[in-house]
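Lifted from Swiss-Prot, the feature list:
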- 155-211: ATP binding site (BINDING)
- Glu285, Asn287: Mg(2+) binding site (BINDING)
- 129-314: domain 'ATP-grasp' (DOMAIN)
Amino acid sequence: MMKVLFIADPMASFKTYKDTTYAMMREMAKRGWRLFHTLSGELSVNGGLVTAQASAFEFLGAKNDDDHAWFKSADKVQTALEAFDAVIMRTDPPFDMQYLYATQLLTLAEQQGAKVFNSGQAMRDFNEKLAILNFSRFIAPTLVTTRSADVRTFLKEHGDIIIKPLDGMGGMGIFRLTEKDPNIGSILETLMQLDSRTIMAQRYIPEIVHGDKRILIIGGEVVPYALARIPQNGETRGNLAAGGRGVAQELGGRDREIAETLAPELKRRGILLAGLDVIGSNLTEVNVTSPTGFQEIMKQKGFDVAAMFADAVAAWSVR
């Protein structure tokens, strides 16, 4: 019987009707696996050993239920991470210093024999915005800088751009700028904090009106359906957290080419689960911290993404 520890946000905060971590847990519980939960802030090192204040939990019913308690937890027990068959890091960004420290502890735990997914090293190496620079043939014209003057030059060259912080999530802090925007100066000052914060700028991709696509890669294999996240009217962000609407669709063409090119490289780097974001024919992000979209694809297309993930965890935990 597998013992799996989830490092995740408080379980009482889960929106069970759409939460991907919840879907993972449900599938593993169906298989009879023993499940445990901890917070990233409950990791510690004692006597050189990486441990967590972990609590075993079980489901109280067979259905998603946001209105009532859906789980029952036992008391927390300080447990070495190496005692679990798999440790799954599912804490949401931002990737701040606390997140960085957690990944460093996870790397130490891996050296002690723990099986961590995604690995601490992979999460540090793959900034979700900067990672696309490793795959330049799939991306739109892109600038990374701390200098607002560089952004102004880039804007003049392309006329219509998107700027975003490197540590955001859910569409937070993303702005669209055109040359005629009267607020260019104030937006750059706010986002770049007077040239002290590194940001990414990209040429605006007009296909965003049809949605950006979340493509999932699990254990080096491509999920055959993408989740198109379509912006609300008047929005430039398709993120579900920003009010976008998720529509599952079959993967094909350029989207499949991008996914199948990245899949073996992500596997080589120890990334069990990744979510690629694609707008039009352009790769815009590689999400490795806490990719979502499982439940939307499962409900709309009947493809069991959670089962595919659990299969991969079982296989990778004995590698």
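Heads up, the Cβ atoms here are built off N, Cα and C, so glycines get one too.
In this structure, Ile187 is the one among the binding-site residues Leu155, Ile163, Ile187 with the smallest number of other Cβ atoms inside 10 Å of its Cβ. Packing around Glu179 (ATP binding site) is summarised by its Cβ count: 12 other Cβ atoms lie within 10 angstroms of its Cβ, all protein chains included. The Cβ of Arg203 (ATP binding site) lies under 8 Å from the Cβ of Ala140, Pro141, Thr142, His158, Asp160, Ile161, Ile162, each of these being in the same chain and 6 or more residues away along the sequence. Of all the binding-site residues listed (Asp195, Glu285), Glu285 sits in the most crowded Cβ setting, with the most other Cβ atoms within 10 Å.
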